[in-house]
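Report on the following structure.
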Amino acid sequence: MPGFRFLLAATAAFLATSPALPLSADSLNAGNIRLVDPEETVPVIKIPDGIYLRTPNDPDDIIWARVPEFRVEMVMAPPVHPSVGLRYRDEYPEQDLVVQLARTSERFYVRLRWVDPTRDMSTLRDRFRDGAAIEFSESDDSVSYMMGTDAESPVNIWYWHPDGDRVESLAAGSPGSLTRLDRQPVTGASEYRTGHGPDDSQWIVVMSRPLASEGDHQVSFERDTIPVAFALWQGADAQRDGLKLVSLNWIFARMTPDAAPAPGN
């Protein structure tokens, strides 16, 4: 089986110097995780051909140890609807989201991780589920990062929630216009890691989609840079709908691929 042996050798070489992925939430503030400011540009790392995740969206695959992590500050979204204003509280804490962006010749990947002391899996009468999303401008950064500008300047949103470990591809042209798209090409998987204490527990989520886009409002990756933004929902804090944590303005994902670091570098 020479082909299989070649893939094993290529994977081993790619991962030869990979550090172990940290389990502690303290690593969210580690010195090697650079804080990204709004409107900064970050690379989408190219995973070499012949290197594969163990499963299509494996959150714990060692390949992620070769992809740089970036830290994004998340703050409470301003209330954009009276119903959100009624639930809004200034004391909601800010928090960090750690982001990794990667691609192969066929797929685009995003990996997110964040501290969450509680694993909130579903929405019931007085309980709410956790969630995370990445938002893509369908054109450029003139589009509002707060759910799009209008029907002519929309955004594509990948929304993950743990109820069934599902990812949905959505579109919006303004707050309150969120629509589930007919085509659902985005897939994902998650892992909840329990640490030594509540502040050491975290969600890790991977979402991905084929690079080729089919259907209306599915983001095109055939661009040098793509404006992206992020959102989190902490179910234990009764966050849902527009009551959420968001990144401040767009961050630019550079699709002109940077190769993953070679072993020994």
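Even glycines carry a Cβ here, placed using N, Cα and C.
As recorded in Swiss-Prot, the features of this protein are as follows:
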{"type": "BINDING", "residues": "H81, M147", "note": "heme b binding site"}
{"type": "SIGNAL", "residues": "1-25", "note": "signal peptide"}
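Secondary structure at M147 (heme b binding site), taken from DSSP and collapsed to helix, strand or coil, is coil. Cβ contacts within 10 Å of M147 (heme b binding site), excluding its own Cβ and spanning all protein chains shown: 25.
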